[in-house]
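Novice: Straight out of TrEMBL:
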- 42-293: domain 'G-protein coupled receptors family 1 profile' (DOMAIN)
- 24-50: transmembrane segment (TRANSMEM)
- 62-88: transmembrane segment (TRANSMEM)
- 100-121: transmembrane segment (TRANSMEM)
- 142-164: transmembrane segment (TRANSMEM)
- 197-222: transmembrane segment (TRANSMEM)
- 243-264: transmembrane segment (TRANSMEM)
- 276-295: transmembrane segment (TRANSMEM)
Amino acid sequence: WEFNGSFYQPPAFLMMGIPGLEALHHWISIPFCALYLIALLGNCMILFIIKKTQSLHEPMYYFLSMLAVTDLGLVLCTLPTTLGVFWFNMRRIGFDACLTQMYFIHILSFIESSVLLAMAFDRFIAISHPLRHPSILTKTTVIKIGLAIVLRGVVSLLPIPFLLKRLTYCRKTELSHSFCFHPDIMNLACADIKVNVFYGMIILLTTVGMDFIFIVLSYILIIKTVISLATKEECLKALNTCVSHICAVLVFFIPMIGLSMIHRFGKNVPPLVNTLVAYTYLIIPPALNPIIYSIKSSHIREALLRALWRK
């Protein structure tokens, strides 16, 4: 089929599961269900423990609550379409529904990046200026930071659906994943997509890219402060409070950077690699973050044990 210049917008897109393994989708859905269940229960548990434990009502755990809510949002955005493809081969998703899912996936990803930056700032203040920490990060300040994070994600990504709706599309409507992703939809267009590419790259660099740079700078300053501490025990104690956050940063940013590079430059990358990186980016962090913080945070672990003991 050749594009004849007339405007065409498909009524729906077709989602993909795991290419080449369609016959095994029912079996592959088992680990996906396990990860989704861990993510849902784990993040709900984190929120419940922080709400019920008065000693955890401090900035570090408020930011952890924001992270848990964001992870729950990511899970709920992708769970219906992913399991729909694996269980029932429900590949069709309406055009507007696809844009809506894409918008919320990207917003929540940007919010998670910003929350991780806020958590890095909290660790920097707690280690470098421990006496001023309560006065700098008050409850009001944390609420303002949370609202600013949400507002930045919503406003910066607001043009994306409209930029996609203005395009005319080819007859090919097959997406690369079981969810909607901006570069994936954009590449199905027959029109000039330079504006979409440019805007997407600028927003990615000025939000997630800047967040990552500031997180790295925060840890450079943290390490500089820790080195100046008097004893080795104090150094280890200070660094131990950052281990869970460092793990969460790596779990989130490594797959995200990999997926962005594949979509931008990896035209010869096998579809299976692209799919696996995408699932790793959207499913693994929400499942691992509660486990990481439950293992590394003695306060959460103790609160969890107390809750279980009362039961």
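Note that Cβ sites are derived from N, Cα and C of the backbone, with glycine treated the same way.
Remember, it's a predicted structure, so these values are computed and weren't measured experimentally.
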Novice: What stretch in 62-88, 100-121, 243-264, 276-295 has the biggest tally of Cβ pairs under 8 Å against the transmembrane segment (197-222)?
Specialist: 100-121
Novice: Same chain only, please: residues at least 6 beyond the ends of the transmembrane segment (100-121) with a C-beta under 8 Å from a C-beta of the stretch. Say none if there are none.
Specialist: 60, 63-64, 66-67, 70-71, 73-74, 77-78, 81, 93, 145, 149-150, 152-154, 156-157, 160-161, 164, 179-182, 185, 207-208, 211-212, 214-215, 218-219, 245, 248-249, 252-253, 256, 282, 285
Novice: Quick one: average pLDDT across the domain 'G-protein coupled receptors family 1 profile' (42-293), no decimals.
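Specialist: Residues in the domain 'G-protein coupled receptors family 1 profile' (42-293) carry a mean pLDDT of 91 in this prediction.
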